[in-house]
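Novice: Quick one: this structure, given as structure tokens, is what I'll be asking you about.
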Ligand code: DMJ
């Protein structure tokens, strides 16, 4: 081994400067140099990582997935429902709207800027990280975070198509055809993330390109067939963090007693679409099984109507005490109306689950915070039961919950719940407020707000640690209000917030997603203006020489950037901005009466459409 490495070292110098240069360099350098380079090369051979700034998050050798006979075979697949029902229109009737030449010019120039931003970030990805999961937007190189199959490549396919970047699309499809889904860089494959980003991206690109690129469906099926083995458990719930190498070796795996609700509850749309496109019911079947349990459990949880964020999917227990539309739960709720749409209204249980959940959320999750303008905005918080068994709201805001407005707007139309459209607008106003309230113009990941005029007392209640207390001890006797005012100043609390939790903005899409949907539902062009303000702030803070980067603290006017660009920037955020400035009646504009978007913003064709 040592000899091989030494000769590799020699070969390295030989390659860069010819054999003579190699010898000369070795003799000229001090002897410490050779061991140092030797060490680097050992690392290279052991980890098989390039000596670049890129990195694989993990590497677990060269095991390959091979199909195994099912341990718990299913013989009676649930068939896709064949019938449907008339679903009311979602979109505003834009055909009745005229746009002045001046308005059109402005809209199109904004749209072009979004496209330029996409091209900039896509070029950065192709130059520095093509085929890897993510580009490092500041230092270049790559990061593998979702299997190392090229999450950004696959996630971006449909945006490339929608933006009319056909050459780039075809190149990307060529690269996708070469992905080897039989092995990957993860120990525990995240079934949910793999489904929404990869299967979602492939199926959407297939649908949008009018099914002309058969390889996209082939690849989606190849990947789904591997993931399908994660459902080969006694109760057919998936092992959501799936140690696929163990499964490949024939080890029996069971679902976890600590599964995130979103990871088990939001696989339906992709698996259903796959069954619709392939005609194979097995994908839909495993989803239908999960949904049946959700129907049964919905009214038996600690907060009937909502499912808890953590589910024991091994023993099918739903008794965890934490409820939210935010992280860990979000897309489970989002997928109820979406699955209903994809099934063309044929399965009423999705509508019933949705309406039941929204009724409970209106009572226990949505709240009106006290903000400086006193505008009647809403947020969706987090609730758990007190020891006495009473629901207690934690008035926490999360960027992730901003999808709720769009969900309610769609639900208001398809389930004929007109009041929900009003709630949707207020929820979206809450998110828009949270963007506009910070010096950077960006909404933080998480924060707290308060819901009445005990604002400063609430700040005091949230800053009880000794290092958060006023440096001047004489103020300790101050009234709660004075005390709170001081703490607000000392801890950088922005008016309207009571505490700042996670101050990052990580290029997330939920706010612009809801702006897009509310615009399409109401036709109100004020949403385009809100989107543009949002865009200018995002562009200013996140643009790098290579692409766009997450930022550390939205409370800074010019925030520091962090070297990460998740694939949803190209898949979702930029796609929604692009669509907001489109002509809603034009071709290729993702009409919500013809398409349903998965939680990663991948449009699937609704069966009612031609
Ligand atoms: C995306 O991967 C999806 O939208 C998911 O449902 C939530 N998180 C990110 C975007 O924030």
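Backbone N, Cα and C define each Cβ position, glycine as well.
As the structure is a computational prediction, the values presented were derived from the model and not from experiment.
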Novice: Scan 14-30, 31-47 against TrEMBL and say which stretch is down as transmembrane segment.
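Specialist: Checking TrEMBL against the ranges 14-30, 31-47, the transmembrane segment one is 31-47.
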Novice: What is the interatomic distance between the Cα atoms of residue 330 (active site, proton donor) and residue 599 (Ca(2+) binding site), given in whole Å?
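Specialist: Rounded to the nearest whole number, the Cα-Cα distance is 9 Å.
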Novice: Which recorded positions of 431, 445, 599 contact ligand 1 in the sense of C-beta under 6 Å?
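Specialist: So the answer is 599.
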Novice: Suppose we draw a 10 Å sphere around the Cβ of residue 510 (active site). How many other Cβ atoms does it contain, all chains included?
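Specialist: Result for residue 510 (active site): 26 other Cβ atoms within 10 Å.
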Novice: Tell me, in order along the sequence, which recorded positions from 193, 510, 599 have their CA within 10 Å of residue 402 (disulfide bond).
Specialist: 510
Novice: I'd like to know which of the recorded positions 193, 445, 510, 599 sit within 10 A of residue 431 (disulfide bond) at the Cα level.
Specialist: 510
Novice: Is it possible to get the count of other C-beta atoms within 10 angstroms of the C-beta of residue 431 (disulfide bond)?
Specialist: 29
Novice: What is the nearest of the recorded positions 445, 510, 599 to residue 193 (active site, proton donor), using the Cα of each?
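Specialist: Nearest in space to residue 193 (active site, proton donor), counting only the recorded positions, is 599.
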Novice: On a simple 10 Å Cβ count over all chains shown, which one of the active-site residues 193, 330, 445 is most densely packed?
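Specialist: Ranked by Cβ atoms within 10 Å, first place goes to 330.
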Novice: Rounded to the nearest angstrom, how far is the Cα of residue 510 (active site) from the Cα of residue 445 (active site, proton donor)?
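Specialist: Cα-Cα, rounded: 11 Å.
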